[in-house]
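In TrEMBL this protein carries:
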ACT_SITE  Asp8  active site, nucleophile
BINDING   8-10, Trp24, 43-48, Ser51, Lys77, 115-119, Lys146  substrate binding site
BINDING   Asp8, Asp10, Glu170, Asp171  Mg(2+) binding site
ACT_SITE  Asp10  active site, proton donor/acceptor
Amino acid sequence: MFQTIIFDLDGVITDTANFHFKAWQSLAEKLGVYLTEDFNEHLKGVDRTESLSRILSHGGLKHSFSKEELITFEEEKNNLYITLIDQVSPENILPGIEQLLNDLRSNNVKIGLASASRNAPKILQNLGLYDYFDTIVDPSKLKKGKPAPEIFETACQQLNIHPKDAIGIEDAYSGIQAINDSKMLSVGIGDLNILKDADYILNNTCLLTFDKLLEIWNNK
Ligand code: BG6
Ligand code: MG
């Protein structure tokens, strides 16, 4: 059986993608860049520096700012994001997730977090889920963020478990690439067209149960 489940946070455990997008949209507007909802797909899973770079490229502003200005923009977005996630509470846990965490625990399966967000520990605390996690990767220590596999490999190393004995769960295209390249089994949550490279795709977290994961693992 699998020995660990490594979760992404935003879009898998809670739906904070919209808060990230609102905060980016507000910054982008000040810079004269208009972002439509569908652009959010390009921001999911990738770290804040890469997100800003993609937004500026989208607006034709790729080389318009100094390093210092870019850092100020990232801080501005993060400050707004922090005010938005202050509202996050256990009510914002996506359906089925807490039951799954309990089932993993009672079956002695290790639980890890591989989120690109430096705000992840704070969000887990606001959700009341922090204590379920046996390990949380610190994304600021990584050489390469998603889609590179390093974050999932690091989660497995921290748990002393081989990636071949692990399942990774993701809602973003970049995250599925990262799981696949780490040689873990990948489960995508969401849109089939975006997550088509995943080993298995579930429409939403209601379908993400311990029994379903067992079935996926036994049929791989
Ligand atoms: C990921 C989100 O979980 O975290 C991205 O999907 C976000 O949209 C990234 O950019 C980094 O988050 P933070 O909180 O460190 O800015
Ligand atoms: Mg995500």
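The backbone N, Cα and C atoms fix where each Cβ goes, and this holds for glycine too.
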Candidate binding-site residues Gly45, Arg118, Glu170, pick with smallest Cα gap to Asp8 (active site, nucleophile): Glu170
Reduced DSSP assignment, Asp10 (Mg(2+) binding site): strand
DSSP three-state assignment for Glu170 (Mg(2+) binding site): strand
Annotated binding-site residues Trp24, Arg48, Ser115, Arg118, filtered by Cβ under 6 Å to ligand 2: none
Cα-nearest neighbour of Ser115 (substrate binding site) within the listed binding-site residues, Asp10, Glu170, Asp171: Asp10
CB-centroid shell, 8 A cutoff, Mg(2+) site Asp8, Asp10, Glu170, Asp171, site residues removed: Phe7, Leu9, Gly11, Val12, Lys44, Gly45, Ser115, Ile169, Ala172, Gly175, Ile189
Chain-internal residues, separated by at least six, CB under 8 A from Asp171 (Mg(2+) binding site): Asp8, Asp10, Gly11, Val12, Ala17, Lys44, Gly45, Gly188, Ile189, Gly190, Leu195
Where the C-beta lies under 6 angstroms from ligand 1, the matching binding-site residues among Asp10, Trp24, Glu170, Asp171: Asp10
Secondary structure at Arg48 (substrate binding site), reduced by DSSP to three states: helix
Fewest-neighbour residue among binding-site residues, criterion Cβ within 10 Å, set Asp10, Glu170: Asp10
Cα-to-Cα gap, Glu170 (Mg(2+) binding site) vs Arg118 (substrate binding site), nearest whole Å: 17
